[in-house]
């Protein structure tokens, strides 16, 4: 019976009777995420693409391992003393402070207002980085070698969740079991968009067997630019809201950020062929004329001036479920 190997970066099934000392190619280290770069602590290769990170071939050979790594156990908090409910209640008067209501109360502008391109401010660090890239882009001969139809032995399959490598002509007839969706990491949970088997353990996520069968993809055929996720966050002051998108070497001539009083559309092209897109229905109202974008070598900052100096409960306006309930109540 074939068993699943739980070595990091492997995820293949193996026969215990034929398991040898060099049957498994895996990563003995741990995954490392730093400044939008992803890699393994045991090797030097880094990438910003999560799918490319998952397809990094292991750097160590050894035996397949069928033992599932233990998940991190949360510490159990126990108390030896039994206290009455009256003792557990706080001995002070509680004050519940509600978040400010959305700005719809002050006549929220229509989302159909015309969009305006925000001013782009390009930093000196980005200009220097782009100049260096232009000089290095002259060496296109190395890229031409990658465009050849010849597949090298040991090339890893580019399909998500597949860890098979090219061994020869027999690999062309082999069935590929892979994930047709994209990897998603949200609030500590990791899963594929195509099957949504969620887990908080990274090793378990890497070992998830694919949900789709097809042919291996030994070479990437990029039809132009591809949309990829980017790490981004936001913060606010009394008068401004700032969104930071961590995309390196963005191209100002191909990027744009447009907005009206309540909507924000972000389109960033970075690292030559990658795109990041985000459409945000803003929680509050902004002053478009006093808002701008700062582009640096490591990130893009979108600074939006608030129309009123008030705290936003969140960046995006939540779905209007309450409004739908109110409509149902009035019709009853």
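From the backbone N, Cα and C atoms, a Cβ is placed for every residue, glycine too.
Binding of Zn(2+) 1 is attributed by Swiss-Prot to 5, 10, 24, and within the candidate set 34, 64 the record adds 64 to that site. Going by what Swiss-Prot states, the Zn(2+) 2 site holds 42, 43, 59, and the candidate of 27, 179 recorded there is 27. Residue 42 (Zn(2+) 2 binding site) sits 19 Å from residue 5 (Zn(2+) 1 binding site), taking the CA atoms of both as reference points. Across the fold, the C-alpha of residue 194 (Zn(2+) 4 binding site) and the C-alpha of residue 216 (Zn(2+) 3 binding site) stand 18 Å from each other. In sequence order, 158, 159, 164, 174, 177, 178, 214, 215, 217, 218 are the residues of the same chain, not among 157, 162, 176, 216, whose CB sits within 8 A of the CB centroid for the Zn(2+) 3 site. DSSP assigns residue 216 (Zn(2+) 3 binding site) to coil, not to a helix or a strand. Its Cβ taken as reference, residue 157 (Zn(2+) 3 binding site) is surrounded by 20 other Cβ atoms within 10 Å in the chains shown.
Calculated from their C-alpha atoms, the gap between residue 59 (Zn(2+) 2 binding site) and residue 195 (Zn(2+) 4 binding site) amounts to 29 Å.
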